[in-house]
Structures are given as C-alpha cells and as structure tokens.
Amino acid sequence: MGNACRGSFGGKTFQGYPQPQDHSESNSNPKHNSDSPKPKKEQQPLVTMNRTSTNQSYYVLGHKTPNIRDLYTLGRKLGQGQFGTTYLCTELSSGIDYACKSIAKRKLISKEDVEDVRREIQIMHHLAGHKNIVSIKGAYEDPLYVHIVMELCGGGELFDRIIQRGHYTERKAADLTKIIVGVVEACHSLGVMHRDLKPENFLLVNKDDDFSLKAIDFGLSVFFKPGQIFTDVVGSPYYVAPEVLLKHYGPEADVWTAGVILYILLSGVPPFWAETQQGIFDAVLKGHIDFDSDPWPLLSESAKDLIRKMLCMRPSERLTAHEVLCHPWICENGVAPDRALDPAVLSRLKHFSAMNKLKKMALRVIAESLSEEEIAGLKEMFKAMDTDNSGAITFDELKAGLRKYGSTLKDIEIRELMDAADVDNSGTIDYGEFIAATIHLNKLDREEHLMAAFQYFDKDGSGYITVDELQQACADHNITDVFFEDIIREVDQDNDGRIDYGEFVAMMQKGNPCIGRRTMRNSLNFSMRDAPGAH
C-alpha cells in the first residue's frame, strides 16, 4: 500500500489519562512467551473528537490555490484515514506519479483542527530535502477538501515487513534504527518534534529494499523551542513515552518511541503491553523491560545497553538522537564519529556564503515569493535566534546561537558567515536575509520560482539580464562593492556579455562553487535543542 493517511489527524489532543492506580504484576510485567501478542497497528486514535457539520467555504490554507485537477489526475485509493483519503495521482505536465492526501474540510470542526492541517504542511516544507522524509510537492484547496501532494512510496509499510519477518538480525535492525533515529535527529535539529513515530509511519519506496525508508505522517508533529514543555497527550499507546502520559514532555519523547521500535525490530513484540489500553499505559509508567524471554538471551549486550538508554524513564538522562547514532551498536564497525554532524541550518548557511551576489539576490526574491506554510519553520528559528526581538540577528546573537548548538566555529569563521548572509552590509541579518540564506535549495527545482526570479532582474523583459539591470537590482537591495562585470562573466556561458534564462537557471542549480568555504545555509543548520532565548 502507498502513502496511507491513517492516523495523520487521528491521534488528537485530549484531556489525558487517569493517573495510574496500583499496577498488578500481571499487567505491567508480562513475559513475552509464545502467547504474547504481536504489535498491532494503531488504527484508533487515543480519543475521538466530537464533530458536527459546518460551513466549508473558508480557506484552510489561508490563501487561494490552483485547482488540483488542472495539474493532476486523481487515480485509485491508496489508503483511508480518519480525516481523509490518500489517492494515487499523476502530474499532467510530467506524467510522474505522486500520492495525494485529500482531507475532508467538513471534518475540520475546530480552529485547532485547521491549525493542525496547516502545521503539517508547514512542517513537511520545513523538513524538505531529507532523504528519509517523504517530500511534499504542494498543497491545494477546493471547497470540500485540502489536498497534500507528496512523493509516492509504493513499497509498503515497515510494519508489514516486520510482521512478515518476525524480527530482524541485529545488523539489519541497527541499519534500520540508524535511519529512523536519523529522521528524529533531523527533525529535532530543525525544531520539530514528531510525536507519532511508529512502524506504520515509515514506508518503503521500493518493496525489494528494506532500507528505502521514508517517514510519513506529520499530522501530530509540532514546532518546539528548547526548554518548551508540552502537556497535550498524543501518540499511540504502544509507543508513547511515560512523560507524555504525565503531561510534561519535550523532544526526548521521540527517542523513547524510537527505542520501542528498536525493541520490536529485535524481538517482534512491544516492550510494554497488556490486554487493555490502560494496562499498556500502566506498563509504560512502570518501565520494566523484559530481557529474559526469547530471543533476548541470544542478543548482544550492546543492543540491550542501547535500548536501556533509549527507554530510560528520566528524559534528562535519556540519550539524544545524536548520541544514539554515536552508540557503538549503531555505528559502522562499532566506531562512533569523532564529531557531530553540522545541524541542518548550519550547513545551509555554509552553502549560502559561497554563492555570488546575483544568486543571493535571486534567493531573496524567491524567498519573498514563498507561501507562509513553506517558511513557517524558518520563521520560528529566526525568532529563537533574535533574542532581543529587534527583527535582526546581530553578530553576538549568531555567535551565541551557534555556540549553543555545539558549534566549534572560530569567531573569524562566524564573522564570515555573518558577512555572507548580510547581503546589504547593514551589520545584522534581517528576516528576509535569514530566510534567503536558509531556505532549502530544493526550491530551486521549481520552474515558477526560477522564472519569477529571472523576470525580477530582467526589468525590460528582453529575455536577458544586462550589466545595467544587475546594477539596478543591487541598488534596490542596497548592495555595494559589487563587480558587475565579474558576475556577468562568471555566469555568461556564451560570452555575449549578458545572462539569458538558461544561463541563469544553470547558475542557480549548480552546486557550491567554492568547496571548503563556509556558507550561510550550512551554518544556520543548527539544532533547535538549545536555541538561545527560547522559553
């Protein structure tokens, strides 16, 4: 089955679980014998909201969109969820197949429901570009539905693969866990908490490749600031962390959930289970992990050590996603990397600093044309770094932010990044400069963005960008100290002294021309875990 939308909007916030009573040993610590239940698909939400009919003429997305049927043909049903249905769809212009999740607006009763849909789309845009996260193609709205068009994953669910196999070898389980926790690390580094990780929410692109995994379904995901505490109880019973049940949690809950998935990968059964939902919650709150039943006596101590550290009852003592990836059981050849990878925004900033002025201005133009849902995540990150709420990031704020995210950059390197992003040489990075420097470069694959940017520079509509037009654009952006002829010469492939659309597109889409230099997109890819000024 393809990109099913089961549960995307199913596990809604509710009033919470009753505090646990005395737990019987039979409920909280059962042995995983031959009668132990296999993990079940979480088909039901933790609570069902009461819904009534309402007028659906409003815009859920907040703006008018093209008619999806002018761009795609909708085909057979791939999956069914509480709020909508996923269909196979084909792009008319290219013939490429995608998945389309159509969400019924009549089921979006409350303001919170509408915000959930918007936020899911925002988060998918924000996480765009990660190889193990399903990519969003676009969002559309008509009077009855919101349609989310995304990458098609036709290889089926990881859950079904687990059921077929029973359980995995340690090496294969380690490789799969590396992918799953890699997704968690990517989410956390961009200030996103998933909140509903489970095997059903990982699809295979290719049914013959166990490792072609893509995370789907960000319907319960939220943006978070470091230190922020969440109290709404969401998720799926088998996988929910104890602190979620106690209504006091943060992104550490995602690591717990990944630990539950790892336990299932190795044993074929969940670590916490009972005959009733409340019994499962009681078992989670007790936190006893069974390593005595088969196959655990035959598995390595290193695997058990990692599970204990991921299923640690105290969130503050639980491993972070990056620490999980550095654990000897996960690492290639049992050797952890000697340094942390650049967080997402940091790597984006590094890439940006290597671009010429024309490309930076073009990215600013593209950034200004992006929809609110495409940049909502970056807006949250900007606010977290702008600790004095001045509307601009100073050198000290950038330096403090990067230090908080574990960066070891020297002051001179941070200054280089600052200067690269500060296109107008004001001494600070304003909101527009930040967005331009940190938008994911997959935006450059979209023809409408490239054409709009080219037309911005081509003031007279001649089909060429001339030196005079480039000079005018720089003046409009308060950019000085630019050698216009040098920019033209760098981009002009046929040496006619001007830039045509093909040359412009080639410049925008080519890789970093200055390998080794720091770029702004690369440097603001920091982890939101310790965002400065966030509360």
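Quick reminder: no glycine exception, Cβ is built from N, Cα and C everywhere.
Annotated by Swiss-Prot as region 'Autoinhibitory domain', the relevant range among 119-149, 212-242, 336-366 is 336-366.
Other C-beta atoms found within 10 angstroms of the C-beta of Glu503 (Ca(2+) 4 binding site) number 20, with every protein chain shown included. Taking Glu397, Asp492, Arg498, Glu503 as the binding-site residues under consideration, the smallest Cα distance to Gln82 (ATP binding site) is found for Glu397. Residue counts for the domain 'EF-hand 4' (484-514) by DSSP state, with H, G and I taken as helix and E and B as strand, are 17 helix, 2 strand, 12 coil.
Straight-line distance linking the Cα atoms of Ser390 (Ca(2+) 1 binding site) and Asp196 (active site, proton acceptor), rounded to a whole number, equals 35 Å. Note on proximity: of the binding-site residues Gln80, Thr86, Asp496, Glu503, the one nearest Asp386 (Ca(2+) 1 binding site) is Glu503, by Cα distance. Using Cα positions, the member of the recorded positions Leu78, Gln80, Gly84, Asp196, Glu397 nearest to Asp496 (Ca(2+) 4 binding site) is identified as Glu397. Of the recorded residues, Asp494 (Ca(2+) 4 binding site) and Leu78 (ATP binding site) place their C-alpha atoms 49 Å from one another.
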